[in-house]
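**Student:** Here you go, one structure.
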Amino acid sequence: MEHTYQYSWIIPFVPLPIPIKIGMGLLLFPMATKNLRRMWAFPNILLLSIVMIFSVDLSIQQINRSSIYQYVWSWTINNDFSFEFGYFIDSLTSIMSILITTVGIFVLIYXDNYMSHDQGYLRFFAYMSLFNTSMLGLLTXSNLIQIYXFWELVGMCSYLLIGFWFTXPAAANACQKAFVTNRICDFGLSLXILRXYWITGXFEFQDLFEIFNNLIYNNEVHFLFVTLCASLLFAGAVAKSAQFPLHVWLPDAMEGPTPISALIHAATMVAAGIFLVPRLLPLFIVIPYIMNLISLIGIITVLLGATLALAQKDIKRGLAYSTMSQLGYMMLALGMGSYRAALFHLITHAYSKALLFLGSGSIIHSMEAIVGYSPDKSQNMVFMGGLRKHVPITQIAFLVGTLSLCGIPPLACFWSKDEILSDSWLYSPIFAIIAWSTAGLTASYXFRIYLLTFEGHXNIHFQNYSXKKXSSXYSIKLWGKEEQKMINRNFRLFPLLTMNNNEKPYRIGGNVKKVALITITNFGYKKAFSYPHESDNTMLFPMLILVLFTLFVGAIAIPFNQEGIHFDILSKLLTPSINLLHQNSNDFEDWYQFLTNATFSVSIASFGIFTAFLLYKPFYSSLQNLNLLNSFAKRGPKRIFLDKIIYLIYDWSYNRGYIDTFYSISLTKGIRGLAELTHFFDRRVIDGITNGVXITSFFVGEGIKYVGG
């Protein structure tokens, strides 16, 4: 056991040789390195697998005998100051290492095929390896200085990966947006680290917590000052984990390749923000105002992320807002003091969301066979539909991930989300009502994505791409604002379906299946397909393994008997655990209470699924569905008012709550206006004074010269 801990310092450095060797190869042997580029995936996966095995061994040691191991080296700068750096291994480090390495391995396997035709293949694997190194270094850091250094490396790698296709203006803007947004909170984090050192004189976690707590209990430091210090430390996690109001970078981060999106949303970037809070929880827990702030930010993010996901057309942006909402659940649990539930949901959500993102990548990959490389089309759910029969394996995997996200038993997210929802009643009834209601919204937007993508007919074959309507009288339009003969425009839920307001829908006959499909050949592809096609095996394999994780990872929190003592693997792994809502950590709630809460949560999720099915199932598959819509449209005289309300909600959701617009007007344009004003003042006033003095001196001198001459 001691051997395992002694060599734990190598964890962050194992993947590091890959980017170094790729860089040296491109510098010294550029042609050979590029020609043999596919060989770099194997060592990348191999080295990360070694770290995974090491992490599993550490976790087994933690289960058998929970302990904290810290080793530091002292670097004495002078007699008054010495800096210590080292590594810190506890249960949080071991479980997060397993999470990051497993998801990272699956993403690397997937990306080998996904990025095989991209000219930036080598750059992709170099960045990914550096990303994993940075995240593993963040986990094993023993003090706040090391945390900050690896924190910045994680931010830098996310900047490089989000802007991977930097020649596209959208990707360049997205990576700049992520960088600037995170710099705001990173500045707050750096201030808080300095303030914490000024108060305690220590950077090491254990010394910092002990001194900080003693100062507060003995009233030796001003309470407002320590509250400000803790707030600045928490601010670092707000942007990194996409919490309100600094969540705006997360949807735009979808401009990067899909494997990058999977890694950022499941195991690295956003997980770093969540990781920081439990790492510093012994410091936050003695300041009730900070815990209340954390829970408040969490519940706002939960609701905002779910509502903004309801109307997104881009499949990856919809999943991005889903991630934002689920991160809000984790932050809510941490603010409530439910340490175990928060980390459990981080684990289950990571595997489920990685599965969904890799599934969306498979969908995009199949759509590109028809529309070519065009993210506006290949990622747009308006052009999808009916993919179930074309990509059946992807459909099954995506359905499993969707059901898990909805909280359907026995899938992974059911166990963790149900625990958070149950604890929320003990903390605040208002927060509980919002959290439970959002669980229904989660099921609704998740199944909306599934239904629009896999059910119905492939809409891509019933439209052309020039923004002009096809000559066929059978064009399928799920979105439309103008009246047609077969659908009552006054149906009160119709505005919710409006996504393309400039095009008229066409009437559908009963012989839709007789329509000739269109082969598209004008998007730069030498070979075109009439139908989307399933991805290659190297892309399907990691998805199927993630399906197994999604099915069975929830079992680590199921309690069982061992010699008359109730315990579960997760509690053993997270010992010592902090839970303010359950002071007796060994007493588990009885099965009756569990079944009651589970039945209620599943009922809410089922209602959300039913709502999505009612609104987004393939309406045009039969005339009965159309008659059903018209029957709904005849209800009551208030339907026009309800239509307006629903349309306003939809418009607000589709436009991201106008938060990005507000930031663009108030901050971006304001700063540019200030810069232009400063430039004008500098050129016209400062330079004008200088030039005016010189010109005046010149003419005065010339005048004196003339008079004197």
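Any Cβ shown, glycine's included, is placed from N, Cα and C.
Summarising the annotation, Swiss-Prot assigns transmembrane segment to 40-60, 89-109, 125-145, 147-167, 219-239, 257-277, 280-300, 327-347, 354-374, 396-416, 540-560, 594-614 (among others) and lists sequence analysis as the type of evidence.
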**Student:** Please check if the transmembrane segment (147-167) comes into contact with the transmembrane segment (396-416), where contact means 3 or more CB pairs closer than 8 Å and the residues in each pair are separated by 6 or more positions.
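**Tutor:** They are not in contact.
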**Student:** Check the transmembrane segment (594-614) against the transmembrane segment (219-239) for contact, please; criterion is three or more CB pairs under 8 Å, pairs 6 or more apart in sequence.
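**Tutor:** No, the stretches stay apart by this measure.
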**Student:** Is it the case that the transmembrane segment (540-560) and the transmembrane segment (40-60) touch, counting contact as three or more CB pairs under 8 Å in which the residues of each pair are 6 or more positions apart?
**Tutor:** no
**Student:** If we skip the immediate neighbours and take only residues 6+ beyond the ends of the transmembrane segment (257-277), which ones have a Cβ under 8 Å from one of its Cβ atoms?
**Tutor:** 92, 96, 99-100, 103-104, 107-108, 110-111, 114-115, 118, 124, 128, 131-132, 135, 138-139, 147, 151, 154, 157-158, 161-162, 164-165, 233-234, 236-243, 250, 284, 294, 316, 319-320, 323, 327, 330-331, 334, 342, 346, 349-351, 353-354, 357-358, 360-361, 364
**Student:** Please work out which recorded stretch in 40-60, 89-109, 219-239, 354-374, 396-416 has the most C-beta pairs separated by under 8 angstroms from the transmembrane segment (125-145)?
**Tutor:** 89-109
